[in-house]
């Protein structure tokens, strides 16, 4: 009698009787062989609660246990819960599954999806069909066999292999295809790494249009669009390379199995001679500044190595070569810095601008006669900058007006004695600092070339490299940050542009050694870049739910902090490339975060300002506890900065003023110009 199923729909496999199990759906008792079984693994809590638990957990690498559950359903409950699906009466007549007998994991995946994939980041590569000659046939089991004509030909030639035997099975064919596809993907990736692509998203979309590719997919950001262009150009170059070898790409994939000779070894390694036109234009577009860019990166490499070696030698001496008395003195110095920060009080306040104050920076200026003292630079929403003495509150020199809108970034380089500023009107300027005459305009940065002022995208932040005359500007419209060589003339300062953010770049910070830079975006993502190679080495997404407003490195370069509009300050470990601590610093928007520049032996302080009218001080060596709160502001605090020894903090307020906060010595009247190293002021 012909039966439809070998086991009559049962799963006993020769057993006479199977026990009954309980259905988890309706409670009936189906036989164990007929029950439909599933194994589920779930988290104990949902994702939102899991994040809260990770922040509150004292063990950094603790993983919550999971729930493992095995469920068993009868056929009715499994169909009702859509665990399995029923088939129609016509489909139930189809008994052949269409699968060969020899199946591995990749074979089942191919029959289910129809194509092979290797990595989710690379578009899938189509599997070339295996071309078989007329003398070959495939039997019912899916194994390639020789036909009678092929057997007779082999028998006439005296070949005992003429008998019917499998040449290679389905698993072997798929293994050969996987090997060929992996080699093809490796070659395409190698070609893509050698390409020079444009940085602006508009140019990327134009090149995609030229290649008849879609300009944008749904929920695709600029970074993935750039990688898609890279793959399209690399695939086009690979096709040209394959045609130079005398065969198509699909023929190359089937070489070795279909009888096609592979090119000689010396031809495989020869360079590509006929690249597509788009690739050649990218390769020749940056030739004018390629040598200068290599020279700048070489200077960054050498200066960062010198700085890191000096820092490591200094730390090594502190920990190994110093005496116990010296270490106790260093610890006392670090403790004194924290005590100074804990004892900060309002020293003086000054109405500085006609519009609200947007930026404030404490800089150490050196005199021609010797010695140095702190200076205060303030900028406003009206675009003007002014230089002040934080000791007396007097203005030094004349107020400068270059920008026409809010000053969004202000940075100082102590090594070069320069000050850089940028504005939301799209302009950026570099200044020289003089303690007698104030700020002197040095040059303008050609961030947007010859674009009109009213059409320029806003510049949201600017930083100066600590060792190389290089200015890095965050651009809002192009979602990029740009590097400018400030040794060049005004109209030719642009060096290169770096893209990678899906939204506006809102904050920048440079590593103390000058090797790294971190950029924050309006989507809450943070990207860590290597200035020596121009590569993105880390990407932190989802740590902030709102746009990032400020980032800053600690003096040793091992950590950096970020503040955002979600009222949180996040601390990141550069060595482990991970976020490890969260500060619920303020109940309102974080406007600025700053590390103490010279923390001493065991770390210093971190200050943060907010729209809640406060500026708060946190001690890093004491578990990031709050040690002080500066609360004398009448409106939201827009910026803050701290001196190297932690004895002075300056804040800018929306009420058009800036405030200086000092320790107990200043409150007793013993602090002032005598704290300066300028000899004539001491007298």
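Keep in mind that glycine also has a Cβ here, set from the backbone N, Cα and C atoms.
Just so you know, TrEMBL annotations are computer predictions that nobody has curated.
Small disclaimer: the values here were computed from a predicted structure and weren't measured.
Region 'Disordered' is the annotation TrEMBL gives to one range among 148-168, 169-189, 190-210, and that range is 148-168.
The range from 213-232, 273-292, 293-312, 313-332 that TrEMBL describes as region 'Disordered' is residues 313-332.
According to TrEMBL, the feature region 'Disordered' maps to residues 244-271, out of the candidate ranges 244-271, 356-383, 384-411. With a threshold of 8 Å between CB atoms, the same-chain residues lying at least 6 positions outside the repeat 'WD' (541-582) that come near it are 55, 60, 308, 311, 315, 503-504, 506-513, 516, 518-526, 528, 588-599, 603-604, 606, 608, 610, 620, 624. Averaged over the repeat 'WD' (498-539), the predicted model has a pLDDT of 89.
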